[in-house]
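A short worksheet on the structure shown next.
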Amino acid sequence: MFQTLYSYFWWERLWLPANLTWADLEDRDGRVYAKASDLYITIPLAFLFLIVRHLFETYVATPLAGLLNVKEKIRLKATPNAVLEKFYAATTKHPKQADVEMLSKKSGCTVRQVERWFRRRRNQDRPSLLKKFREASWRFTFYLIAFIAGMAVIVDKPWFYDLREVWKGYPIQSMLPSQYWYYMIELSFYWSLLFSIASDVKRKDFKEQIIHHVATIILISFSWFANYIRAGTLIMALHDSSDYLLESAKMFNYAGWRNTCNNIFIVFAAVFIVTRLVILPFWIMHCTVVYPLDLYPAFFGYYFFNFMMAVLQSLHIFWAYLIIRMAQKFITGKARQGSGDERSDREETDNSEEEEEVAKNGPLSNGHPVLNNNHRKND
């Protein structure tokens, strides 16, 4: 049964145009072609990326955070309460008013104390500013290096300037060593993102992030199987061109460099819109949808690849909406202090009234400000 499924999965009509077989893509005369077995290395490389990331965040990002004076906001801990903790863990972190009143009776606390407890408890679970800075630093470093490496791989190729060259001779297109390593590193990185997504900073678009990572892994893998390597390298470099700008804007946001963050975010928004909403659909997707039909009839792989491209494009439209909203606030001056990433930074900062009092009047004792006798005397 396994052999039957294997045969159906690798049926040439799923992956290759008519009248072509896997035998046509066997290495010969010094020409090397992409093989599915090449991708086995990406799983151990993904775990290697996780190790490198841990070392980078510990020995590079953390000292950098200290140099940029990344400061944690004061967070008051919730007083241990078994009744409230059980409800928090088993039911919801955001109780409705009826739940608050019920919990007030069960726990012996006032309604206001229950609301305060849940605010503080949610704050305890939010990722620290240092964690977010370290994560952004790691992604910034990878995306910047990947973009530079990607441009080095494709800038001297004829299909970078003439998209019809992407399909010249397809699928009998040999693979270059630079293309091999570009693919392996990009795919390994996205595997590592998928493996670590549960422990990374969770954002409002958490589900969309999972869909994005899965769609990207499928696209990269499929383009390798079907020898869509030329189109694949263009798509990967296009995506990396804006990602490092977003991560750098986050870094400066966490460091409190508000103007620098806003300016970089505006540049990122412009690059994102041009690359993801103009170049990708009207150049790259036009290249993958229209040009292949001049060479061979449409087959399953053709439809599947372009369907996954449409999934990615839908996510880009969703993110563009959030980005444009944020950029508009920066341009009009309505963005508040500490609001950087529309997906997470604002909604993850939920200071309670008591924490605001800390900033104004100093520490609290049982919900009340501690008197400070060190006021400067009036002359």
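Backbone N, Cα and C atoms are what each Cβ position is placed from, and that goes for glycine too.
The transmembrane segment annotation in TrEMBL covers 39-56, 140-160, 210-229, 264-284, 304-324. Look at TrEMBL and you will find 67-128 tagged as domain 'Homeobox'. If you look up TrEMBL, you'll see 69-129 marked as DNA-binding region. Residues or ranges marked as domain 'TLC' in TrEMBL: 131-332. What TrEMBL records for 336-379 is region 'Disordered'. The compositional bias 'Acidic residues' annotation in TrEMBL covers 347-357.
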Helix-strand-coil residue split for the domain 'Homeobox' (67-128), DSSP-based | 36 helix, 0 strand, 26 coil
Averaged over the DNA-binding region (69-129), the pLDDT of the predicted model comes to 83
